[in-house]
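A.B. asks: Attaching a single structure in structure tokens format; questions to follow.
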Amino acid sequence: MLLAIKDFFNSLLLKELFKGMALTGRYLFARKITVQFPEEKTPMSPRFRGLHALRRYPNGEERCIACKLCEAVCPALAISIESDVRNDGTRRTTRYDIDLTKCIFCGFCEEACPVDAIVETHILEYHGEKRGDLYFTKDMLLAVGDRYEPQIAAAKAADAKYR
């Protein structure tokens, strides 16, 4: 009976309402953490996984040896590779495709690659107007790698002590 009377007076005096308003008032004047994204950028982790790229050796030869480990380890089945044996007995890729609509950006392909051929860059701003625009071919991936090689090499060097 005493508890019922206490609850009645608490609800009559709107105690719960004022507790909620006090909580709201505390956060009303606090520092805002919202970032206006296109204009403002937040700091990016050095291990951020963005757009994929295929790398080349300094002599211009592509690094991928067509071992297909990245294709095998991809949980989303986003990578498809076809290879061919060259005259000197080494294998090279003839087709290397990544479907970014399937990719979950887990980084397993990058970890599995024995020659650091496939990497995930820090590029996060890319788009496609059609589904096919997010289907990256070998030439497109090599172009991304060629364009951003200095940044990729710097990120690899900075991360080398943790590998």
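The backbone N, Cα and C atoms fix where each Cβ goes, and this holds for glycine too.
Swiss-Prot lists these features:
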type	residues	note
BINDING	Cys64, Cys67, Cys70, Cys113	[4Fe-4S] cluster 1 binding site
BINDING	Cys74, Cys103, Cys106, Cys109	[4Fe-4S] cluster 2 binding site
DOMAIN	54-84	domain '4Fe-4S ferredoxin-type 1'
DOMAIN	94-123	domain '4Fe-4S ferredoxin-type 2'
A.B. asks: So among Cys74, Cys103, Cys106, Cys109, all listed as binding-site residues, which is physically nearest to Cys64 ([4Fe-4S] cluster 1 binding site)? Use the C-alpha atoms.
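C.D. replies: The answer is Cys109.
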A.B. asks: Which number gives the other C-beta atoms within 10 angstroms of the C-beta of Cys103 ([4Fe-4S] cluster 2 binding site), all protein chains shown included?
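C.D. replies: Total other Cβ atoms inside 10 Å, all chains included: 21.
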A.B. asks: Please list, for the domain '4Fe-4S ferredoxin-type 1' (54-84), how many residues fall into helix, strand and coil according to DSSP.
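C.D. replies: Taking each residue of the domain '4Fe-4S ferredoxin-type 1' (54-84) in turn, the totals are 5 helix, 9 strand, 17 coil.
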A.B. asks: Whole-number answer please: how many Å between the C-alpha atoms of Cys106 ([4Fe-4S] cluster 2 binding site) and Cys67 ([4Fe-4S] cluster 1 binding site)?
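C.D. replies: Cα to Cα, Cys106 ([4Fe-4S] cluster 2 binding site) and Cys67 ([4Fe-4S] cluster 1 binding site) are separated by 19 Å.
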A.B. asks: Where does Cys103 ([4Fe-4S] cluster 2 binding site) sit in the DSSP three-state scheme?
C.D. replies: coil
A.B. asks: Using a 10 Å cut-off, grab the number of neighbouring Cβ atoms around the Cβ of Cys64 ([4Fe-4S] cluster 1 binding site), all chains included.
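C.D. replies: A 10 Å sphere around the Cβ of Cys64 ([4Fe-4S] cluster 1 binding site) contains 25 other Cβ atoms.
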A.B. asks: Which sequence positions outside the domain '4Fe-4S ferredoxin-type 1' (54-84), separated from its termini by at least 6 residues, show Cβ-Cβ distances below 8 Å to it?
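C.D. replies: Cβ under 8 Å, 6 or more out: 90-100, 102-104, 106, 108-119, 138, 141-142, 144-146, 149, 152.
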A.B. asks: Spatially, which candidate from the binding-site residues Cys67, Cys70, Cys113 is nearest to Cys103 ([4Fe-4S] cluster 2 binding site), comparing Cα atoms?
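C.D. replies: Nearest candidate: Cys70.
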A.B. asks: Applying the rule Cβ within 8 Å of the centroid of the Cβ atoms of Cys74, Cys103, Cys106, Cys109, what extra residues of the same chain belong around the [4Fe-4S] cluster 2 site?
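C.D. replies: Near the [4Fe-4S] cluster 2 site, beyond Cys74, Cys103, Cys106, Cys109, sit Cys70, Val73, Pro75, Ala76, Ala78, Ile79, Ile98, Ile104, Phe105, Gly107, Phe108.
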A.B. asks: For the domain '4Fe-4S ferredoxin-type 1' (54-84), what's the mean pLDDT in this predicted model?
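C.D. replies: That stretch averages a pLDDT of 95.
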A.B. asks: Looking only at the domain '4Fe-4S ferredoxin-type 2' (94-123), what are its DSSP counts of helix, strand and coil residues?
C.D. replies: 5 helix, 9 strand, 16 coil
A.B. asks: List the Cα distance (Å, whole number) between Cys74 ([4Fe-4S] cluster 2 binding site) and Cys113 ([4Fe-4S] cluster 1 binding site).
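C.D. replies: Cα-Cα distance, Cys74 ([4Fe-4S] cluster 2 binding site) to Cys113 ([4Fe-4S] cluster 1 binding site): 11 Å.
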A.B. asks: Within 10 Å of the Cβ of Cys67 ([4Fe-4S] cluster 1 binding site), how many other Cβ atoms can be counted across all chains shown?
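C.D. replies: So the number of other Cβ atoms within 10 Å of Cys67 ([4Fe-4S] cluster 1 binding site) is 17.
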